[in-house]
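Trainee: Just dropping this structure here.
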Amino acid sequence: MPIIALPDGNKKKFDQPVTIMEVAESLGPGLAKAAIAGRVNGVLLDTCIPIEKDSEVNIITAKDQDGIETIRHSFAHLIGHAVKQLYPEAKMAIGPVIEDGFYYDIAYDHPFTPKDLEAIEARMKELVKLDYDVNVEIVSKEEARKEFEKRCEPYKIEIVDEIPENEIIKLYRHQEYTDMCRGPHVPNTRHLRTFKLMKVSGAYWRGDSNKTMLQRIYGTAWGSSKELKAYLKRLEEAEKRDHRRIAKQMSLFHTQEEAPGMIFWHAKGWAIYQVLEQYIRETLSLHDYQEIRTPQVVDRSLWEKSGHWEKFKDDMFTTTSENREYAIKPMNCPCHVQIFNQGLKSYRDLPIRLAEFGSCLRNEPSGSLHGLMRVRNFVQDDAHIFCTELQVQEEVSKFIDLVFEVYRSFGFDSVLIKLSTRPEKRVGSDEIWDKSEKALSDALDAKGLAWDLLPGEGAFYGPKIEFSLKDCLGRVWQCGTIQVDFSMPERLGASYVAEDSQRRTPVMLHRAILGSFERFIGILIEHYAGRLPIWLAPVQVVVMGITDRNAQACQDICKKLSALEYRTEVDLRNEKIGFKVREHTLQRVPFLIIIGDKEQQSGEVAVRTREGKDFGSMPLKGFTSLLDEAIALKGRSGVS
């Protein structure tokens, strides 16, 4: 009979198989009432699942992240229940959990309107009040197919048909509504209290533009009303910080239908880009990287050798010329190997660090494109390090230092780190995987860094470390990565002469800090709400006069500041000074210089900031010292 080990170290013995709910009941009525699911030997299960052997059990409630995920998954099914009651002809597709919420894809002849969304949410609340039990039934593939044939649910039937014969299928019954899922789900709708339906959008079935366009209903759910309110507040703030909205206000960039997923950089946006690029260029030079440049268009044969053609050809833009097929590069790595392969390399030459601001194109689905955050044409701060196995840990350690140096310069101090290890399908021996994974984990541990392990999440060709930034709204953005690669150097014939005079294949480390320039600029704009640190601001100073008499003095000051390489503009419009100050403040210009008769006579400048701080009058040299001090801080002064 099972002995149940609890998280606090206590053990309970039962005379017969016991469910998770029965374990919770044995610990107290309060826990039983709050129980949503359970982890049995690390596996998340429904509360009704029997435990037949000795196990470690953790009861999951709404206070746990697993509990929130279970609640959100159950809410997706509740959408299905409500929609089928209100719109019986609707056909249900899939309803997964996503970050901060859930959605359900539905086929229905008529577009759901905002009023429909309100009606669905109202019906969901009515169903929640019924406090009905959610029943689980384990069925065969044949039984599941018959169930959904009876209910005329073609999308469910398609999913069932793709499930392996011996795999367990679970049906979840919400009164008259039945859905299919791996689970777990809440045992009763009393756990489904705090939620809100957010929006409706279009989504192709299976993400394939050749298939049916479905309607996707998004929702969010939380463990308490306080958490829901806080989330909605964050959404409201995120809406204000939307980089597309701010870019329009500041004239940074635009996109248009004639070039989907391609960025039209305006002068001010391009100024930000150039500052970013120059900073990364100078930083990489200090860390002994060689900057290179490789072709945009490369013959198909190279992509076949590298393995990209087989895996990514549908995402590549191709063209033909003189009976040859070419691809616009979706990534830079195969081309970097070509540069490494030029000339004989010795172990004494390693490590070799090749960096490129590589422009890539990927044929992303049009529906996924989103401003700077998801584009088709992007530039990576890409680099590849060719080294020996023994050099991997040292190179990873140096890269970690570089990553944190760069992120601090942009004002990001909260960095989350994940180490992804070997998947089931992989190349390379277990011995080399052991060495590589140990090199990565030892490099992280030597820095005293906290990191999460993601078993089985590495690429087939090697383990990797991912670096994610947390912005001022608590959102997490995966940016940096360093990836060990055993495969590509060998596939593309890279070699060096080792100390024993034998030819060896180098290890290749793929690494990026920003990810892509476009996306990183989008992150910066939203993190700072457009009020970029002074060193990044597209215009650092605007000089403006109070009257026409001050025009020449304004122009002289602008020329002096521009000669010192400060990004400066002059505003000589015949407008009131208050109007001009307000306009440039809304444009997020860090420093405003005002010249009136008094300043013109004294040779000083009146200075104020976009935050409204008034420094009064000072000599121009005093102002440039102030400016230099602010620029030197980079992003370390924080979010204003």
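Each Cβ is built from the backbone N, Cα and C atoms, and glycine gets one as well.
From Swiss-Prot, here are the annotated features:
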BINDING   CYS333, HIS384, HIS510  Zn(2+) binding site
DOMAIN    1-61  domain 'TGS'
REGION    242-533  region 'Catalytic'
Trainee: Counting every protein chain present, what is the number of Cβ atoms, excluding its own, within 10 Å of the Cβ of CYS333 (Zn(2+) binding site)?
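Mentor: For CYS333 (Zn(2+) binding site), the 10 Å Cβ neighbour count is 22.
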Trainee: Let me spell it out: for each of the binding-site residues (HIS384, HIS510), count the other Cβ atoms within 10 Å of that residue's Cβ, using every protein chain shown. Which one has the most?
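Mentor: It comes out as HIS384.
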Trainee: Determine which residues of this chain, when CYS333, HIS384, HIS510 are set aside, have a Cβ within 8 Å of the centroid of the Zn(2+) site's Cβ atoms, and list them as they appear in the sequence.
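Mentor: Sorted by sequence, the hits are MET331, ASN332, HIS336, VAL337, ASP382, ALA383, GLN483, ASP485, MET488, MET508, LEU509, ARG511.
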Trainee: For the domain 'TGS' (1-61), how many residues does DSSP put in helix, in strand and in coil?
Mentor: 14 helix, 23 strand, 24 coil
Trainee: Quick check: in three-state DSSP terms, what is CYS333 (Zn(2+) binding site)?
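Mentor: In the DSSP reduction, CYS333 (Zn(2+) binding site) maps to helix.
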Trainee: In the three-state scheme derived from DSSP, which category covers HIS510 (Zn(2+) binding site)?
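Mentor: In three-state terms, HIS510 (Zn(2+) binding site) counts as strand.
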